[in-house]
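Features reported for this protein in Swiss-Prot:
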type     : residues     : note
DISULFID : Cys47-Cys119 : disulfide bond
CARBOHYD : Thr144       : O-linked glycosylation site
CARBOHYD : Thr148       : O-linked glycosylation site
CARBOHYD : Thr152       : O-linked glycosylation site
CARBOHYD : Thr158       : O-linked glycosylation site
CARBOHYD : Thr160       : O-linked glycosylation site
LIPID    : Cys211       : S-palmitoyl cysteine
SIGNAL   : 1-26         : signal peptide
TOPO_DOM : 27-189       : topological domain 'Extracellular'
TOPO_DOM : 211-236      : topological domain 'Cytoplasmic'
Amino acid sequence: MASRVICFLSLNLLLLDVITRLQVSGQLQLSPKKVDAEIGQEVKLTCEVLRDTSQGCSWLFRNSSSELLQPTFIIYVSSSRSKLNDILDPNLFSARKENNKYILTLSKFSTKNQGYYFCSITSNSVMYFSPLVPVFQKVNSIITKPVTRAPTPVPPPTGTPRPLRPEACRPGASGSVEGMGLGFACDIYIWAPLAGICAVLLLSLVITLICCHRNRRRVCKCPRPLVKPRPSEKFV
């Protein structure tokens, strides 16, 4: 009997898209409308029959990765019995009836169970189908925050003159001047002019000493001749 039901459903559900558009009405209500499941999570779907005139409910599944329109029969459940598809694991799928609600339980969700689930009932020789419920793996989206660049600090204006090489003679923002000296890069701009001035002064002093020494050698140190007085000058 169960195999006949499976064959009957398989033949009638080849035109699933057309049938669902024609027969989906207020007879069936499926909840939740969408499921984002994690791997290993238990998933429960509830098919509520608003007019309980059916003898049972069938759960079906359409794989999202399959190109075939034919869905896969999962389980048939009624108030007295339930029949699972022979190719499915009984530890994975189970179903039960509570009043006018038919509950399908997927014990451990995996990627191969992703797809669209729906239920079907037969009432007065008419098949009714519920809307498709997408059941897919939950995607954890990672939101990256934009990186904002810190504004470049502007140094305050100062009244002191800028050095010739500020990058060499001025310490950095995080650096510190170590030791007593300013460093060779800065000392050369201070001592070079001083050394030049000292050299000019020394050269001037040497030239002055040489000139003075030559002038002293030109002075005649010979004794002066004695001038004898004339006779006319003696008896005046």
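Any Cβ shown, glycine's included, is placed from N, Cα and C.
On a predicted model such as this, the values are computed, not experimentally measured, just so you know.
Counting in whole angstrom, Thr152 (O-linked glycosylation site) lies 63 from Cys47 (disulfide bond) by their C-alpha atoms. Summary: among the recorded positions (Cys119, Cys211), the fewest other C-beta atoms within 10 A of the C-beta are counted at Cys211.
Taken residue by residue with DSSP, Thr148 (O-linked glycosylation site) is part of neither helix nor strand, so it is coil. Annotated pair Cys211 (S-palmitoyl cysteine) and Cys119 (disulfide bond), C-alpha to C-alpha distance, rounded: 126 Å. On its own chain, Cys47 (disulfide bond) has Leu28, Gln29, Leu30, Cys57, Trp59, Lys101, Tyr102, Ile103, Leu104, Cys119, Ser130 as residues at least 6 apart in sequence with a Cβ closer than 8 Å to its own Cβ. Counting only same-chain residues six or more apart in sequence, none has a Cβ lying under 8 angstroms from the Cβ of Thr148 (O-linked glycosylation site).
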